[in-house]
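S.K.: Feature list, courtesy of TrEMBL:
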| type | residues | note |
| --- | --- | --- |
| BINDING | THR52, VAL216 | pyruvate binding site |
| ACT_SITE | TYR143 | active site, proton donor/acceptor |
| ACT_SITE | LYS173 | active site, schiff-base intermediate with substrate |
Amino acid sequence: MSRSVKKLTGLVAATFTPLTAEGEINLSVIGPYIDYLIEKQNVKSVFVNGTTGEGCSLTVDERKQLAAAWCQHGKGKLEQVVVHVGCMSIKDSQELARHAASIGADAIAVISPSYFKPINADALRLFIKEVSASAPDLPMYYYHIPGMTGVALEAADVLNGIERMIPSFQGVKYSGTDLRDLGQCVCYSQAHNWSVLYGVDEQLLGALVLGVHGAVGSTYNYLGCIVNQMLSAFDNGNHMQTRALQFEFMEVITFAKNLGFDVAVNKQVMSEVSGLVLGPPRLPLLPCPVSKAQAIAQKIKDFSQRH
């Protein structure tokens, strides 16, 4: 890469995709959304068109429009806009990577293809390399989310030697629960000054102990302010406060999971907490009953008010 890279650290909100009642993307919400994240949650970096954003349910053109809107409205406000460009087709991923570079995105990320799955780490590294080559000046992150892709390769194996293939590689968004594999990713990344971002919000403390540099998650859209307190407590060595906040966070997520907590529910919860009109999910996800979202939102508001 020809330009210096700002290390990705701290909290990164995995953004929801606003849709109209008719199911079309609603770009008018992006500006107020950014203001809400900064002013109410103190979250200044975003991960666009990922799992939370229903990226794989969107067309290539819709993903381009959303990425451009986040970059345009976030200029001078957001610290980093990371655009997820992963698709089943490498050609689509390359097109999205080129587009991300053209609109001034700060970085790109890619998941593994999940219909035709890479047979080994070599195949996945080659896929990431070919996508990265379409935007060689943009930092590239591997988005490891085996629970969604069904790709059981260990992330540490994917990282091994990837710097020799992809000069722009800068780290991994680790959305798995294998702390041994995560720890190996952190260990390997140290020598390269890469960022390892954790993506299982309710288990963040375990990842912090292993040395991750930040976190990317959906709940940071509406609990970012609280989790920032948790990060500060951890950095200051106040482990009792850190644990207390993590335990309270776990209680909220457990309450939500017991009611049924998927991306569709989470999206409606964000609307209830923030006041932003994010609209319905896209099929095959089904709309969430408002009463369920309101019950979870009340738990979140109670948690926030206590702190």
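Along the chain as shown, the residues are counted starting at 1.
The backbone N, Cα and C atoms fix where each Cβ goes, glycine too.
TrEMBL: automatically predicted annotations, no manual curation.
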S.K.: Using a Cβ-Cβ cut-off under 8 angstroms and a sequence gap of six or more, which residues of the chain neighbour the residue listed as 'active site, schiff-base intermediate with substrate'?
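M.R.: Same-chain residues close to the residue listed as 'active site, schiff-base intermediate with substrate' (Cβ under 8 Å, separated by 6 or more) are PHE47, ALA109, TYR141, TYR142, TYR143, HIS144, ILE145, LEU197, GLY199, VAL216.
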S.K.: Sort out the sequence-distant neighbours of THR52 (pyruvate binding site) for me: same chain, 6+ apart, CB within less than 8 Å of its CB, listed by position.
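M.R.: Sequence-distant Cβ neighbours: ALA14, THR15, PHE16, SER218, ASN221, VAL263, ASN266, LYS267.
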S.K.: Could you tally the C-beta atoms, other than its own, that fall within 10 angstroms of the C-beta of TYR143 (active site, proton donor/acceptor)?
M.R.: 27
S.K.: Just counting, how many other CB atoms are there within 10 A of the CB of VAL216 (pyruvate binding site)?
M.R.: 28
